């Protein structure tokens, strides 16, 4: 079942990638771009260098053009002519395989590892999502930013992080609502908290980039502001309990458990947005009711799930939802640990998919401790680090392949950053949030995707800039060449407003209907952004440079 779910996930991701790529490529494969590219190529065909950047530098001086993102990556095995004659299919295959690899890391190793770490640290689920999961799944953006600052000295880090912001806020939350398989009850405080910090982070970034120069004091301010965010996370249980008392509202965990308990007893399911049941929730906030719900729920969980159970710990009036493996039956092996990825499944198609994924399964099986096994639980910290490394490596290859595909069809880098590159680098965020949402923890999934954006802006950009301007080259400055950043930031601010309004309108409930609304708004935002980039500002953007690749 896990293999089938993972393969369906990859088919869905690949389908979205294909739709986006086809739509964007259709606009850019015009006669004007083709003829201009051919003219530039013929004009400078005598220029040949072994280094991609030397060739690109010469071409840039001879022609007013925009440097493509492909310059930020190493050469692949084919040149542009070979890819245009069919070799690009290899890049598609590698990109699809990296989707698959990221799904395996997130599903089989990363999420279970985070559950154990958060259990040992006694963290709230939404706090864990805004910190640990953001740190792990944002590794691709961090690596891209480091490479852009220290290696290529380009803007790939800024472009990728800003381009993935709307994807993380609208698309990922929409996928969680559609693919969770259950109704997710969200707390208003974690979402408002992370959204406000995200808003402040964007404002700080806009101020830093106002003069297109980043100095050490600005980078330090970004890192320090994230320290304030972590401080709020540390005191989050007290702040949240106080807010629920002051606002006289009910914690979402209590609502969710009461709904589940009533549903089992009375045989009905709540319709999201039902005001009558919300009133009943407000009338049943007494402590003895909470205890009854907890006892009934624990009994039902013991009967239905032997390998895993939720644990509730009181913090003021708030119930923090954690996951832990059943300690009462240590002699039994949980279902999750039965078999290994090296064991072939039944069925022809299943065996074919298993054979395709066998190389990466073997690689991960022998390099990442499987914390789902009781004997490996003590290596959760080491497993967490290895998972981050593998997520970063596979995501880098994925973004690399997507960038090559875009250059092959002459898709402008601005559009690539808004769509395909952002899509590729945000896959870990999407998959991690989806897997957590399928476990019923909506707060962790939503806080993860919003919290990861805070991490991206403040640390993925702030730390490389700070190291570059202090340790690497003291009292230097990082020059930003990107244009239109203010427009992109305003679109992102709009996505935050849409996120909060929709959740508030549907009474802090995330289901399939709300998820579909988020997906619709994502494509609307994407359409507007691409239109602005291709039409409104098109006359100000020079054509893409032709480099020897």
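Placement of Cβ uses the backbone N, Cα and C atoms for every residue, glycine included.
In TrEMBL, the annotation transmembrane segment applies to 380-409, one of the ranges 290-319, 380-409. Listed ranges 245-270, 479-504; the one TrEMBL annotates as transmembrane segment is 479-504.
Listed by sequence, the residues of this chain that lie at least six past the ends of the transmembrane segment (199-232) yet keep a Cβ under 8 A from its Cβ atoms are 130-131, 158, 193, 239, 453-455, 457-459, 461-463, 465-466, 469-470, 475, 477-482, 485-486, 489, 492-493, 496.
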